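Trainee: This is the structure I have questions about; it appears just below.
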């Protein structure tokens with residue numbers, strides 16, 4: 001193996017390596033900016049289209065159904081409260097443990113054959129209106145009604161315009177089909193099954209949202225200062241070469257810098273490429289396709305983590321960073337890069353293998369932040385015109401695929417892809433997320449990579465401009481761009497993946 005020092009130049013293998021790097025970065029841009037933040041569900045579902053009338057005007061709320069078997073806490077299910085009936089209590093301490101029984105008949109469409117003494121009655125959906133089931137259950141002495149859906153999804157239980165018997169004083173909750181099957185097994189195999197029904201309110205602000213905000217701001221700050229420092233160093237070196245009267249000045253774009261500048265045409269084309277990729281994801285979304293995306297994300301994360309670590313460690317290990325070795329197919333690579341690459345690969349592989357574990361979000365965030373910082377370091381917006389075109393196109397992209405796509409596909413394409421509805425997985429990994437530690441519903445606060453990367457391109461440009469134009473923090477544009485982003489950064493809560501449609505029976 002031959003030791004090389006400063007091999008950057010007209011080396012053919014370096015041209016190939018730079019081409020591969022630009023190709024990887026281009027794929028990473030599509031990957032990380034594909035999804036902007038979307039909300040996958042909330043505790044209260046406001047719906048002005050569902051009919052309201054006296055006795056049928058509750059908000060649709062998600063309800064926790066905690067089960068107890070012979071006095072021991074067991075599984076917890078999530079249902080949705082009906083438009084009619086008594087409202088669900090919000091505090092667990094106010095929710096009584098109540099005995100559960102099946103209705104007889106099971107559909108509860110006729111008066112029950114067995115009198116109940118404050119029991120929660122489980123009924124099957126179908127054959128009559130929900131309000132008829134609730135009235136029959138209340139007349140038999142039930143304290144609450146659990147309606148088991150005949151599908152995996154949940155539906156909003158509403159009232160028909162011609163219904164009048166709506167003085168219902170017990171709460172009604174719909175549970176998905178799989179929850180009903182589990183409850184049935186519990187009742188068959190146990191002597192006593194009880195439930196608690198309550199709908200806890202989420203805190204107005206969770207600590208997770210604050211940390212997520214700091215993560216997004218910190219990511220852009222690090223990437224912007226790294227980009228501006230590199231641009232200033234390149235400008236200083238360029239001026240030094242001019243002063244030394246060197247006739248032939250090597251171009252910064254031919255080898256070492258590896259900077260990719262976006263032009264107006266590529267900013268417009270990006271939207272169409274991202275749209276095409278999104279449609280492919282939507283059509284081909286499956287378990288194996290999500291696994292493929294995880295692999296691609298890991299490759300991008302390894303490249304990003306390696307780039308960030310090499311840049312950081314080269315301050316202390318400059319000699320290892322400036323000494324190179326030829327590697328087949330890859331060309332000259334520094335000894336420092338060879339040293340950190342195994343760690344980065346192992347880190348990404350461990351995250352991919354254990355990504356379903358409770359602490360896997362840490363690895364996902366580390367890989368994601370490193371990837372975003374690397375992309376913002378390599379990809380530059382050259383002027384304000386290109387930045388404006390890029391963000392405007394991204395805005396139209398978001399509006400179309402979140403809202404307008406419902407008209408064409410009968411569902412929001414971006415939300416379906418973000419949640420991984422057709423894959424059996426818990427969404428795709430292009431998100432930063434932190435668990436909501438003080439939220440009784442749990443879940444995560446999330447932000448899409450695109451909500452960091454795309455504004456970050458413009459903010460990094462603002463800092464590069466300020467430094468090269470010798471503007472101070474007070475007179476420059478960077479601080480105001482950061483303030484605007486910090487005030488508008490759109491993190492979201494993702495407590496449960498619940499899709500709701502309405503029906504009356």
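Cβ atoms here come from the backbone N, Cα and C positions, even for glycine.
Note that this is a predicted model, so its numbers are computed, not measured.
Relevant sequence annotations retrieved from TrEMBL are reproduced here:
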- 115-183: domain 'PA' (DOMAIN)
- 210-228: transmembrane segment (TRANSMEM)
- 262-282: transmembrane segment (TRANSMEM)
- 288-313: transmembrane segment (TRANSMEM)
- 333-354: transmembrane segment (TRANSMEM)
- 360-379: transmembrane segment (TRANSMEM)
- 386-404: transmembrane segment (TRANSMEM)
- 441-463: transmembrane segment (TRANSMEM)
Trainee: Looking only at the domain 'PA' (115-183), how are its residues distributed among DSSP helix, strand and coil?
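Mentor: Secondary-structure breakdown of the domain 'PA' (115-183): 17 helix, 18 strand, 34 coil.
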Trainee: Out of 210-228, 262-282, 288-313, 360-379, 386-404, what stretch is closest in contact terms to the transmembrane segment (441-463), meaning most Cβ pairs under 8 angstroms?
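Mentor: Most contacts with the transmembrane segment (441-463): 210-228.
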Trainee: Report, as numbers and ranges, which residues of the same chain sit near the transmembrane segment (262-282): CB under 8 Å and 6 or more residues beyond its ends.
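Mentor: Non-local partners: 29-30, 33-34, 289, 293, 379-382, 385-386, 389-390, 393-394, 396-397, 400-401, 409, 413-414, 416-417, 428, 457.
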